[in-house]
Structure formats: structure tokens, C-alpha cells
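What TrEMBL says about this one:
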type     : residues                                                       : note
REGION   : 22-80                                                          : region 'Disordered'
COMPBIAS : 31-40                                                          : compositional bias 'Basic residues'
COMPBIAS : 41-60                                                          : compositional bias 'Low complexity'
BINDING  : Thr132, Asp206, Glu231, Lys261, Asp265                         : substrate binding site
DOMAIN   : 266-427                                                        : domain 'S-adenosyl-L-homocysteine hydrolase NAD binding'
BINDING  : Gly297, Glu298, Val299, Gly300, Lys301, Gly302, Glu318, Asn421 : NAD(+) binding site
Amino acid sequence: MPNKKKYNVNGDSGIKAQIQFADQKQEFNKRPSKIGRRSLSRSISQSSTDSYSSAASYTDSSDDETSPRDKQQKNSKGSSDFCVKNIKQAEFGRREIEIAEQEMPALMALRKRAQGEKPLAGAKIVGCTHITAQTAVLMETLGALGAQCRWAACNIYSTLNEVAAALAESGFPVFAWKGESEDDFWWCIDRCVNVEGWQPNMILDDGGDLTHWIYKKYPNMFKKIKGIVEESVTGVHRLYQLSKAGKLCVPAMNVNDSVTKQKFDNLYCCRESILDGLKRTTDMMFGGKQVVVCGYGEVGKGCCAALKAMGSIVYVTEIDPICALQACMDGFRLVKLNEVIRQVDIVITCTGNKNVVTREHLDRMKNSCIVCNMGHSNTEIDVASLRTPELTWERVRSQVDHVIWPDGKRIVLLAEGRLLNLSCSTVPTFVLSITATTQALALIELYNAPEGRYKQDVYLLPKKMDEYVASLHLPTFDAHLTELTDEQAKYLGLNKNGPFKPNYYRY
């Protein structure tokens, strides 16, 4: 692995915004009653706990009504330091993890190359990400590199119950299940953080909820935390807000804006998974359908490219003139949402913002319009405004609701406005291998960095590490890189081994 001590990373804290964290109205050191918690779960999510993965058939329907918090479960080693749907699903989850390993070559290579030196020995990582087979490969890689891990889910619908069970059986303290209530969500995070005799010194977050919870409930923990690694637009935005306000008390690595995350996970992953999520939930045909995609960042670009290739008529909304011009040059018509809301068949949000689709927009949609979100946060669609007495909610299938107006008009709401691809389908494992390897290297870098290298600011991943992550995946394609001659390297002013592009280069 390259010598990380040679790298210099420049921070950027230029986002001008005030900190806006939603206040949590409940104290989570007091557990609500069983009945109260179930009522909350049904009123907020009305979610089936079945997964679209193969393990849906393995779920024991007899315990669907029992909250995992009310079960007494132990793994084969006698440990009960976890909370999952059903520990008996571990065998099926293990098979899914083994399948994922075949498509995650870089993590497996990193595990083999670095486990001898144990670069994360002594690291105590608390994580809050999607809990899938791909995340499990990452967690087990971190464990092989010497780290101790405790994990919760960043999304109440994306957890694969059988994978969570497999991790718990392997000894990882995991607190997550598909279909958590909002109360369950924060309780699981608290169980990861608030444990006697164990205190985290690294954070791996996806969305910023874990970081926010520690800031709010256990601020003294940051005295021993060496750094934060964040992979989502929403979470990175929160970190920049903290940095701008002078309240970020540890270094943070912005993985979301690394090249290997933006160009592969955000673009290529969403290009494939948007179609998968829509097809599984609605069985629709895309040819000729009118679609509006809100946002033309990397996620929006992937969604638009996929839908255009399937014959859909695609409109784009954008606030940024540069992204807007890209959309126009790619052949999409740039519109305001109000201009097309009455005619489109599908509305897809991928901005990272809030109230992109408001109640006014929802009222004006045509009958059977499909509404979904591809951004991390569930704030883009104003779902709360639909929970009113005059509207009827009808569950059609898992993660699919009809919201019916008094005149009979209905819209099709997917995953209650949460992340479509991870809530309703799956995502390509190979692309997640790129992101997961980036996360692992960021954790290694922050954990091993000498004091003073990183200040209390937000940093981008060093370019050399991005190139290293990419190089680990090339053998899968039997790809052969051209090497610079000494004369060529001198002409360009480059090291023959990289980095090959300056930090300001846009891929």
C-alpha cells in the first residue's frame, strides 16, 4: 500500500449555511411501552418487514408482529450484544455475504495485503450505514485489519435482515432490522454508542445522523475520537456547517466528493439501480413515459441516462446553471417542476435538498403518477403533508403505497419518500466495492495520521488514494494500464506512479 505520510490534503469549509439539525422530541433512555412503540411504527412507516432479497422467504411470519427489541436472542457463542430481526437467518445471510465478496475484489485484496500489519489495530469504529451484504464485507474487512466495530442502520428500510443476522452471529454488535420505526432508529444508534466499557475512536457515517447523535447526547466522546468518515451529500453538508460554525471538534474525511465515490457510486450505481427499483415496485414499462428528474448532479445524470436509454421522455429541474447547461447539452429539456407536474408519469428527486416536491405539487399530479426519491435524505418529498384525514393511504405491496384523494385520484408513493434503490431493490455490488474501499482507506488514513496532519476541518481524500482504489479494481476487467516513459513523465512534470491529475481536475 502506498506510503500515506507523503500526502497533503486541503480542506474546504465554504458552505455558507447555519446548522439545522432536527430536534428529537423524545428521550431515548426511557423505552416506550410495547404498544406505544408498535403504534408509532405503524403510524410512521406502515412497513412490511419483508425484504425483496432472497431471504424474504426465510422470514418467520409468526414473529413479524414482535419488535426485535422485545426478543431475547443469543448467537451460537452466547453473546446477546446485538438486536436483529431473527438470528436464525444467519446462515442465509452468510451465503449472501460470500456472493458479495466475489464482486468486491479491492476489499478482498486490501484484506489480504494489509491484515498482516493490522493498520486498524486498536481502532474502535462505530458505524451508521446501510446494512447490506456489501457493508458486511466492509465490516469484516475492517475487523480483519484489527478494528472493533459496532453498527446501526442509516435507513429504516434498507437493512437486509439475514445479513444483519449473519454479522451478529459472527460477533459484530449490530442493531438494525428492516422496517424500524423512528424511535427504533435512534434507539439502535444509541445502543451502538452508549455501551459500558467501550468507547469509539472513529466514526463511519452515512447521512450524519450518528455524528449528530453523539454531538447531542455524548459530546465528551469527541475527546477520544480521531476522525469522522462521511459518505453522503447530506452528511457532508452537515459537517461543513459544523466547520463553518467552528463546532467541528475532530478531523473529517469527505468521501462523498472523492472521485471514486462521485463518478462510480453516484453515477454508475444509480444508472442501473433506478430502473431496478422502479421495475420491482411498479412493473412498469419505461418506453414513452414522461419523467421529471429533479437535480442533475451525478445521481441525476445516472438516472436520466438510464431512463433515456429505455425510451422515456425525460425533463430535468436544476438550480445550478452549470449542471443545467450539462443537462441541455445531454439532450434533456430543462424545466421548472410546476411547468410539467400535471403531465409527467414519474417524478424522481435526487437533490439532497428539502421540500423539492411539495403538497401543492402532489395535489396537481395526474392520476397514478409515481413519486420516488433517489437522494439520501427523506426530506425531498413532503410526505408528512400527505398524512391528513382527507387522504387515504392504501398499502399495495412492500414499499408501495397508493395515496388517494377524495375525488379518486391517486399517486403511487415508493418507500415513503426514502431512498428508492436501497429500500426497494438492490445496487450493483462491484460499484459498492469501490465506495467501501474508499471508506476503508479513509479510516486507515485518519486513524494512523500523525498528530497535526489534520486539523478540525473537512478534508477530501488524497488523489493518490483515489487512484489506488481504482487500480485495485482494474484486474477484474483484465485491464492493462499504459506506463509513462521517463521522458514522458519529465515532459508532463509527473511522478511515473502518480498522482496523474491535479486536485482541481474534473474527471
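For all residues, glycine too, the Cβ spot is worked out from N, Cα and C.
Projection of TrEMBL feature records onto the structure.
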residue: Thr132; record: substrate binding site; contacts (Cβ under 8 Å, 6+ apart): Ala100, Ser158, Thr159, Leu160, Val163, Leu422, Thr426, Val427, Leu432
residue: Glu231; record: substrate binding site; contacts (Cβ under 8 Å, 6+ apart): Thr129, Asp205, Asp206, Val255, Asn256, Lys261, Thr435, Gln439
residue: Asp265; record: substrate binding site; contacts (Cβ under 8 Å, 6+ apart): Val431, Leu432, Ile434, Thr435
residue: Gly297; record: NAD(+) binding site; contacts (Cβ under 8 Å, 6+ apart): Val233, Asn266, Cys323, Cys350, Thr351, Gly352
residue: Glu298; record: NAD(+) binding site; contacts (Cβ under 8 Å, 6+ apart): Gln262, Lys263, Asn266, Leu267, Cys270
residue: Val299; record: NAD(+) binding site; contacts (Cβ under 8 Å, 6+ apart): Asn266, Leu267, Cys270, Cys350, Met374, Gly375
residue: Gly300; record: NAD(+) binding site; contacts (Cβ under 8 Å, 6+ apart): Val293, Cys294, Val316, Cys323, Cys350, Thr351, Met374
residue: Lys301; record: NAD(+) binding site; contacts (Cβ under 8 Å, 6+ apart): Leu267, Arg271, Gln326, Asp330
residue: Gly302; record: NAD(+) binding site; contacts (Cβ under 8 Å, 6+ apart): Asn266, Leu267, Tyr268, Cys269, Cys270, Arg271, Glu272, Ile274
residue: Glu318; record: NAD(+) binding site; contacts (Cβ under 8 Å, 6+ apart): Gly295, Tyr296, Ala324, Ala327, Leu334
Across the domain 'S-adenosyl-L-homocysteine hydrolase NAD binding' (266-427), average pLDDT on the 0 to 100 scale: 95
Listed in sequence order, residues with CB under 8 A of Asn421 (NAD(+) binding site) and six or more positions away: Cys269, Cys270, Ser273, Ile274, Asp276, Gly277, Met374, Val427
Site extent for substrate, whole Å (max Cα pair distance, Thr132, Asp206, Glu231, Lys261, Asp265): 18
Among Gly297, Glu298, Val299, Gly300, Lys301, Gly302, Glu318, Asn421, the record's NAD(+) binders - longest CA distance, Å: 22
